[in-house]
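Listed in TrEMBL for this protein:
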type     : residues : note
DOMAIN   : 2-81     : domain 'Ionotropic glutamate receptor L-glutamate and glycine-binding'
DOMAIN   : 99-330   : domain 'Ionotropic glutamate receptor C-terminal'
TRANSMEM : 101-119  : transmembrane segment
TRANSMEM : 162-186  : transmembrane segment
């Protein structure tokens, strides 16, 4: 839509041409030439280039192409697969965290010997025989308290009774906390811990894929420590489809622009009852997006003027919303087998613009 607006303002005819497969924005070849968008602009095979073209001088690309005024600002985000819910058979472990379970196990292991030692010592000092003087009996008694199944035995000495009373209080608090938390966790579906930051992503050792080598090079020179380290796990892929498939297989995270990530996630999630993709919360590497131009083109001043008008009118945001809506609508209709012509009137109604008076 941006290029169509430029064509309308400049009164020229458009002829869209796809970049050769696998070349994307362009890569510096060993012989010093460029392929992809940069190569097509540099050789005169194309007059304009439209994509997520970052305004950057990376690899000396400004010697082979120029940029229009920016029509969009954004950041780069990572598309991740939504992890499946935790298995229901793990539900008995959910009420407590790992450190709580560790403390519980330590307390359970020590409760038997502690009860045994106190009962034996107090019984000998009073010259009495206690049921808890046996280590096995003490462990059975402590186990019964933890399971809230009391044994029909009463401690003989006052010391043992005080210790048993405190153990019962501890066991009651523990049991009530566990049962109430278990009920809460069984009421809702528990989701596993998600990767939300680049630190989490680095610690997961997951592969990072991107469309071509450009984002990998930007990661390598980033001031963010984790992004620089993630470059070691970066793998360039030739197409969006290959990158998205790697994410769906759970093999990688896909780093791309914010708008592209929102578009992909909305499109693929639209036909699903539950989301299958998500955008990681932390985004970084801000950039400006522009139309690619031939070097020293005399059209740049006119193109910049029209670009500023497009941005100020808010058309870029509107076109993006329309693109996402149309893509998700077509995906839903494809899944449901709906005739597209039946919703033409609905689409016109949704995007009807009302002039300000």
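Yeah, the Cβs are placed from backbone N, Cα and C, and that goes for glycine too.
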Confidence summary for the domain 'Ionotropic glutamate receptor L-glutamate and glycine-binding' (2-81), mean pLDDT rounded: 86
As a quick check of your reading of DSSP, tell me how many residues in the domain 'Ionotropic glutamate receptor L-glutamate and glycine-binding' (2-81) are helical, how many are strand and how many are coil. 23 helix, 17 strand, 40 coil
